[in-house]
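Single-structure report; data block below.
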Amino acid sequence: MRAVNFMYSSNNPKFRGIFNGLCAIILFIFFFDQSDIYRNPLLKNLSFVDSSGKFNRGFSQFTVPRRHLSEVDTNGSSGNSSLSGDSTVSCSGLHEHRGYADQCEFLKSNPICSPDGFFDYLKFFYCSCRDFKILGYILLGVWLVALFYLLGNTAADYFCCSLEKLSKLLRLPPTVAGVTLLPLGNGAPDVFASIAAFVGSDKGEVGLNSVLGGAVFVTCVVVGIVSLCVADKEVKIDKKCFIRDLSFFLFTLVALMVILMVGKVTVGIAIAFVSIYVFYASLVAANEILRKHSRRLKLDSITPLLPMQGSVFSSPSVEEDIPMYSPLMELDTGEGPPRLHDSLPQWMWATNVAIYSNHFAKANVHDEERPPWGWTEDGAEVESSLCSKITSLLETPLTVPRRLTIPLIEEDSWSKTYAVASVSLAPVLLSFLWSSQDDTSLQARIVAYFIGIAIGSTLGYLAFKNTEPDRPPQIYLIPWVLGGFIMSIVWFYMIANELVALLVTFGGIYGINPSILGLTVLAWGNSMGDLVSNIALSMNGGDGVQIALSGCYAGPMFNTLVGLGMSMFLGAWSKSPETYMIPEDNSLFYTLGFLIFGLIWSLVMLPRNEMRPNKVMGIGLITLYLIFVTFRLSSAMGFIPWAS
C-alpha cells in the first residue's frame with residue numbers, strides 16, 4: 001500500500017500546511033466580510049432579527065421568499081422568471097442591473113437573489129471585490145478547492161473511521177461490509193452532495209447532474225485509464241461479477257430514466273428505487289458467503305502437512321481475504337487450514353477518499369523520515385518538529401471545529417480533552433441547526449438550545465468521569481461510534497450545502513446553468529479519489545485490477561441508487577402527502593444515454609477480448625467521454641439549439 005500512499009499528498013506536509021493556512025485565511029476573510037452574520041440562511045429566520053440584520057424590538061417574524069439565480073433562464077436552463085410569492089423580482093437581470101448603478105446595488109436591493117449558503121458569496125464578489133475582481137476569482141476558486149478537500153477529508157478521517165469501528169463492533173462479515181458500509185464510506189461525498197442539493201439548496205438538478213456526471217466520468221475515464229494501464233499485463237476479469245454489476249447498473253439507469261420521464265416521485269417510489277441496491281447487496285453477500293462456505297468444505301477434506309499462505313492448497317477465494325503484502329511463507333500457529341479473516345483490511349476503508357486524509361500524512365512522516373534510533377545528528381528532528389507545529393497551527397481553523405463536535409475513539413488520535421468537548425458540543429450544534437429551520441418560533445428555539453446544552457453537559461460529565469487520558473474507552477463503544485457516525489453526516493451535509501451554494505454562485509457570475517457545473521466541476525471533484533485510488537490499485541496488478549474495475553461500477557451504482565434514492569426520499573418526505581416534482585432538465589436524458597452507451601461498450605469489448613482490458617476499450621471510453629463533455633457544453637452555450 002506504500003505505492004498508493006505515496007501518490008497521496010501525505011508525503012508533502014509543507015504544501016498541505018500552506019494550503020490549509022491559505023484556506024483558513026480565506027475563511028477569516030469571509031467571516032470578516034460577513035459583518036451581518038444574522039443574514040446567513042442558518043439564522044435568517046430568527047424572529048428577533050429583521051432584514052437588515054438589526055434586532056427587532058417587536059420580535060415580529062420576518063420572512064422573505066428565497067430565489068436562486070439558477071431558477072431563471074441562464075444559457076439553456078429551463079426555468080422561468082416568475083416568483084411563486086408576491087415578489088416579481090427577476091434575478092436574471094443581475095448582469096444588466098437595469099435601474100441600478102452596478103451588480104452590488106442590485107443585490108442589496110434584491111437579497112432574495114443570493115444563493116443559500118452560510119456566506120453571501122455573490123455579495124462578496126460584487127461588493128467587497130468590486131474593484132478587485134481578479135482577487136475575488138482567486139479567493140472563490142481556492143475556497144471551492146477547500147470545500148472539496150473538507151468534504152473528502154471528513155470522509156477519510158472521520159466517517160470511514162466510524163464505519164470501520166461500527167463494522168467491527170457489529171461483527172459484520174467482510175462480504176457484507178464490502179457492499180454496505182464500505183461503499184457508503186467511499187461514496188459519502190457524492191451521496192451527501194446530492195442530498196444537500198435536493199434538500200438544503202433545493203437545487204435537485206445540480207445533484208442529479210453531479211451524480212450522473214460522476215458516473216460517466218468514472219465508468220469512462222477511470223475505466224479507460226485503468227484499461228490502458230493494464231493492457232500489456234494480460235489481466236483477466238471475473239466474467240460473472242462483471243456482467244452482474246453492469247446488468248444491475250443498466251437496470252438502475254433504466255429505472256431512473258422512467259422516474260425522470262414521469263417527472264414526480266413519491267415516498268414509495270423512492271423506497272423502491274433504493275431497494276434495488278438492497279437486493280443487489282443481498283445477492284452479492286449471499287453469493288460470496290455460499291462460495292466461501294463451499295470452499296471451506298473442500299478445504300476440510302484436505303489437510304496439508306505445512307499450511308501456508310499462497311500454497312498450492314489455498315484456493316483463490318480464500319486468498320482474497322488475506323491482506324495485501326502479507327508474507328508469502330507465514331506458518332500458521334493453529335491447526336488445519338488457514339482461517340479466514342473476519343474483517344476487511346484496514347486500507348480498504350478509505351481507498352477512494354484517502355487522498356484527503358491527514359492520518360496517512362502523519363503516519364508516513366513518522367515512518368519514513370524518523371530514523372530508528374529516534375534522533376538525528378544534523379538537527380533535522382528539530383526542524384521537522386517545528387514544521388509539524390507550524391502545519392498543525394495552520395490546519396487549526398479547518399480541523400478544530402470538526403474535532404470539537406465529532407466524537408472519535410481512535411487509538412492513535414485519542415484525546416480526552418477533545419472527547420469530552422465533542423460529546424458536549426455535538427448536541428449544541430444539532431440544536432443550532434434544528435432551530436435554524438423555517439417556521440420555528442422563538443420559544444421553540446429557546447427550548448431547543450436549553451435541551452442541547454443540558455444533554456451536552458450531561459454527556460460531557462459522563463465522558464469526563466468514565467474516560468482516561470492515555471487510552472480510549474473500552475466499554476459503551478457503540479454510543480461513541482454512533483455519535484461519530486451521526487456527527488460526520490451532519491458535517492457532510494453542512495459542507496456539501498456550502499459547496500452547492502458556491503457552485504450556484506459561480507453559475508450566477510459566469511451566466512452558466514449550475515447543473516453544468518454540477519456535471520463537470522462537482523462531478524470531477526468528487527471523483528478524484530476514485531481516479532487516483534483505482535489507478536494505483538490497478539498498477540499493482542493481480543486482484544488490484546479486479547478491485548479497481550469492480551469499484552468503478554459498484555461505486556457509481558451505489559451513488560445513483562442510494563445517493564439519488566435518499567435525496568428523492570427526503571424530498572418526497574418533505575412534500576408529503578403531495579408528490580415531489582423532480583426539476584425538469586431534459587439534458588439529463590443525454591447524460592443517461594452516454595452513460596448507458598459507455599456501459600454497453602464495456603459489456604461488448606471485454607467479453608470479445610476474453611475479459612482482458614485492452615487499449616481499444618480504454619481509448620473508446622475516453623473518446624466517448626470527451627464527446628459527451630463537448631456535447632453538453634456546446635448545448636449549454638447554445639451551439640446546439642435542439643439539445644438545449
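Keep in mind that glycine also has a Cβ here, set from the backbone N, Cα and C atoms.
Taken verbatim from Swiss-Prot:
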- 17-37: transmembrane segment (TRANSMEM)
- 132-152: transmembrane segment (TRANSMEM)
- 179-199: transmembrane segment (TRANSMEM)
- 211-231: transmembrane segment (TRANSMEM)
- 241-263: transmembrane segment (TRANSMEM)
- 268-290: transmembrane segment (TRANSMEM)
- 414-434: transmembrane segment (TRANSMEM)
- 444-464: transmembrane segment (TRANSMEM)
- 475-495: transmembrane segment (TRANSMEM)
- 499-519: transmembrane segment (TRANSMEM)
- 587-607: transmembrane segment (TRANSMEM)
- 619-639: transmembrane segment (TRANSMEM)
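Of the Cβ pairs linking the transmembrane segment (211-231) with the transmembrane segment (587-607) and spaced 6 or more residues apart, 3 or more are under 8 Å, so the two regions touch. Under the criterion of 3 or more C-beta pairs below 8 Å, with sequence separation of 6 or more, the transmembrane segment (414-434) and the transmembrane segment (475-495) qualify as touching. For the transmembrane segment (241-263), same-chain residues at least 6 beyond its ends with a Cβ under 8 Å from one of its own Cβ atoms are 269, 273, 276, 280, 283-284, 546, 549-550, 553-554, 556-557, 560-561, 564, 568, 581-582, 584, 588-589, 592, 595-596, 599-600, 602-603, 606, 611. The stretches the transmembrane segment (499-519) and the transmembrane segment (17-37) are not in mutual contact, being linked by fewer than three Cβ pairs under 8 Å (pairs 6 or more apart in sequence). A Cβ distance under 8 Å defines the sequence-distant neighbours of the transmembrane segment (179-199), meaning residues of its chain 6+ beyond its ends; these are 151-152, 154-155, 159-160, 163-164, 166-167, 172, 206-208, 210-211, 214, 280-281, 284-285, 344, 348-353, 489, 492-493, 496-497, 499-500, 518, 522, 526, 529-530, 551, 554-555, 558-559, 562-564, 566-568, 570-571, 574. Outside the transmembrane segment (619-639) by six or more residues, the chain places 75-76, 216-217, 219-221, 223-225, 227-228, 512-513, 516, 519-520, 587, 590-591, 594, 597-598, 601-602, 605 with a CB less than 8 A from a CB of the stretch. Take the transmembrane segment (132-152) and the stretches 268-290, 475-495, 587-607: counting Cβ pairs under 8 Å, 475-495 has the most.
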